[in-house]
Amino acid sequence: MTIAEEFATRNFSIYGQWTGVVCILLCFALGIANLFHVSLLIIFSALCLVSSFLIIFIEIPLLLRICPTSSTFDTFMRRFTTNYMRAAIYMGMAIVQWLSIIIDASSLIAAAVLLTIAAGFYALAGLKGQGFVGSKTLGGQGVAQMIL
């Protein structure tokens, strides 16, 4: 199934997963860019950077198979297999970035907006009763099992 065919299914979990991939790039870039502030904004930029690495393992299940991680980390990551749990973690990460406005308005707002959109897609998928469907392009639905 191509990416276009995946989007044509109108499953909001696919939209959420691909928005999550964009969040990986944006959180990584903005986390690094805002590390050079000489204020408490450094804390929020470090949390944004950590969020990008969490999202990598949440959205690309293939990495849990090929990267050496602890069983505790694997168990933690496997909690986020449902739409509601993914919506919850994305909303949690978004709230942290929205709180960065307290310190100073910065480009971290873009990360907060995109994380909120991803949480919204996953929440809509859950509310519509759509099961979580992982993108084949990102290692879902059988690709990760082919490595073993």
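Every residue, even glycine, has its Cβ placed from backbone N, Cα and C.
Residue density at ASN11 (N-linked glycosylation site): 20 other Cβ atoms are found within 10 A of its Cβ, drawing on all protein chains shown. Here Swiss-Prot flags ASN11 as N-linked glycosylation site, drawing on sequence analysis.
Sequence-distant contacts of the transmembrane segment (12-32) (same chain, at least 6 residues past either end, Cβ-Cβ under 8 Å): 3, 6, 45-52, 55-56, 58-60, 83, 86-87, 90, 107-108, 110-111, 114-115, 117-119, 121-122, 124-125, 128, 130-135, 138, 140. The transmembrane segment annotation in Swiss-Prot covers 12-32 (among others).
According to Swiss-Prot, the transmembrane segment annotation covers 38-58 (among others).
Here Swiss-Prot flags 85-105 (among others) as transmembrane segment. Away from its own ends, the transmembrane segment (85-105) comes close to residues 13, 16, 20, 23, 37, 39-41, 44, 47-48, 51, 54-55, 58, 79, 111-112, 115-116, 118-120, 122-123, 126, 132 of its chain (Cβ-Cβ under 8 Å, at least six residues beyond either end).
For 107-127 (among others), the entry in Swiss-Prot reads transmembrane segment, with the evidence type sequence analysis. Listed by sequence, the residues of this chain that lie at least six past the ends of the transmembrane segment (107-127) yet keep a Cβ under 8 A from its Cβ atoms are 11-13, 15-16, 19-20, 22-23, 26-27, 30-31, 33-34, 41, 44-45, 48, 51, 82-84, 86-88, 90-91, 93-94, 97-98, 100-101.
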